[in-house]
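Right, one structure below, let's go through it.
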Amino acid sequence: MVMTNSPQNIGIKGIEVYIPGQAVNQSDLEKFDGIPQGKYTIGLGQTNMAFVNDREDIYSISLTVLSRLIKNYSIDTNKIGRLEVGTETLLDKSKSVKSVLMQLFPGNNDIEGIDTVNACYGGTSSVINAINWIESSSWDGRDAIVVAGDIAIYDKGAARPTGGVGAIALLIGPDAPIVFDSIRGSFMEHAYDFYKPDFTSEYPVVDGHFSLSCYVKAVDNCYKNYSKKITGDANKTVGVYDHFDFSAFHVPTCKLVTKSYARLLYNDYVSNPSKFADLIDETTRKHIDGLTYDESLTDKILEKTFVGLAKDETKKRVQPALQVPTNTGNMYTASAWVSLASLLYYVGSDNLKNKRISIFSYGSGLASTLLSVTVKGDVSAITKVLDFDYKLGDGRKIQSPEDYLAAIELREKAHLQKSFKPQGSTDNLSQGTYYLTEIDDKFRRAYAIKE
């Protein structure tokens, strides 16, 4: 079937987020790890970290979030023409997560899309692919779904409290209340900042300080490339306060996002210093202006200056997007989109009409994009389904650091196993959650649904 009318207002029509039933408090983790109080909570900006034991994997959390999207939005699965998955949590070097999810589409085998992998960026690449499919001559009139999710865990050490778990499912199509703007700015580069070369371990190899610089560099370049497509001038930014009403980010830590929003303001300063004439004293200005670009990526005076200048706007325009991430930790591919969902929920539909929201997505290695959406319709039905007050409250249990460590140890024992039955408890799984029951002698996985 050839579509005669081009689709309008392509965007997000539904969102479901899966947050596991267990989390560990970061203050408790500080005490347990014997490190100074505030290092995880103030230094990283994190409050709680979601985790799972050996009962859940990327297949199960993807099945859970997608099945709930289908149920909560009464989706006719025959009217889905594209399904794509973004993840970096790989169970198989050949078989895709998307192929596992086809169980949820009985009678509909004509569904395009596959898995997209590059660190935390795969979900965003999948979203862009969905938009482009609907805009193309290949579109058959059906909607698309993007699933993004990961289990982010680290070996013992400084990076461990920056983990997390979660998944998101997005229903994408025309005539949506949350509409994608046509402008995007991307930045891609070869970098060994975070990668997973060891298939015998779930843990990544991380160059922490370098990765932070890569993230900030990506923020700069994506913002410049986005702005250039609007202003026509490579040296002129759109103005973060003028162009965006709210901002969501990929959230490795909430503290990094606070600094990155301020970095957008720094780019506005470089673009038009005269706008900041009364805001920055001469000594500080001379210091900032004397920095090389590489020095600017890590300079503490620059950082402190613009974090201070952006403080009030950060609270209004960014903080709502951090409410969920600070309470779950990093969801990798789902992170930027859960940040958007958090913002929608905590700002509320009435305050979002005709507002533009920037979304910055970053994946190590590296791939990054700044895109934006405009809220053109009522999103109260979406925020009702999200129900973060319950999911972050009575919908889960805060466990001890000892319980968290025990869950991680179960996952270590389960990695790469066959002829295996998981040992973890299912007590904290919510109704409708998929969980692993067995891995047979050919590595085939079987699941049940919590009743």
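Cβ from N, Cα, C; glycine included.
As written in Swiss-Prot, here are the features:
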{"type": "ACT_SITE", "residues": "GLU88", "note": "active site, proton donor/acceptor"}
{"type": "ACT_SITE", "residues": "CYS120", "note": "active site, acyl-thioester intermediate"}
{"type": "ACT_SITE", "residues": "HIS250", "note": "active site, proton donor/acceptor"}
{"type": "BINDING", "residues": "CYS120, THR162, SER211, HIS250, LYS259, ASN330, SER364", "note": "(3S)-3-hydroxy-3-methylglutaryl-CoA binding site"}
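Positions of Swiss-Prot features highlighted on the structure.
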residue	record	DSSP class
GLU88	active site, proton donor/acceptor	coil
CYS120	active site, acyl-thioester intermediate	strand
THR162	(3S)-3-hydroxy-3-methylglutaryl-CoA binding site	helix
SER211	(3S)-3-hydroxy-3-methylglutaryl-CoA binding site	helix
HIS250	active site, proton donor/acceptor	coil
LYS259	(3S)-3-hydroxy-3-methylglutaryl-CoA binding site	helix
ASN330	(3S)-3-hydroxy-3-methylglutaryl-CoA binding site	coil
SER364	(3S)-3-hydroxy-3-methylglutaryl-CoA binding site	coil
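For CYS120 (active site, acyl-thioester intermediate), the count of additional Cβ atoms within 10 Å of its Cβ stands at 31 [all protein chains shown]. Looking only at Cα atoms, SER364 ((3S)-3-hydroxy-3-methylglutaryl-CoA binding site) sits nearest to CYS120 among the active-site residues GLU88, CYS120, HIS250. Within 10 Å (C-alpha to C-alpha) of CYS120 (active site, acyl-thioester intermediate) lie the following recorded positions from GLU88, THR162, SER211, LYS259: GLU88.
A 10 Å cutoff on Cβ-Cβ distances gives LYS259 ((3S)-3-hydroxy-3-methylglutaryl-CoA binding site) a total of 22 other Cβ atoms nearby, all chains included. For the pair formed by SER211 ((3S)-3-hydroxy-3-methylglutaryl-CoA binding site) and HIS250 (active site, proton donor/acceptor), distance between Cα atoms is given as 13 Å, rounded to the nearest Å. Listed in sequence order, CYS120, SER335, ALA336, SER339, PHE360, SER361, TYR362, GLY363 are the same-chain residues six or more apart from HIS250 (active site, proton donor/acceptor) with CB atoms under 8 A from its CB. Neighbour counts were taken at the CB atom with a 10 A radius for the binding-site residues THR162, SER211, ASN330, SER364; the maximum falls on SER364.
For the binding site of (3S)-3-hydroxy-3-methylglutaryl-CoA, formed by CYS120, THR162, SER211, HIS250, LYS259, ASN330, SER364 according to the record, the largest Cα to Cα distance is 19 Å, rounded to a whole number. Taking CA atoms as the reference points, LYS259 ((3S)-3-hydroxy-3-methylglutaryl-CoA binding site) and GLU88 (active site, proton donor/acceptor) are 25 Å apart. Rounded to a whole value, the Cα-Cα separation of THR162 ((3S)-3-hydroxy-3-methylglutaryl-CoA binding site) and GLU88 (active site, proton donor/acceptor) is 16 Å. When the Cα atoms are compared, ASN330 ((3S)-3-hydroxy-3-methylglutaryl-CoA binding site) and GLU88 (active site, proton donor/acceptor) turn out to be 13 Å apart. Cβ neighbour count for GLU88 (active site, proton donor/acceptor): 27 (other Cβ atoms within 10 Å of its Cβ, all protein chains included).
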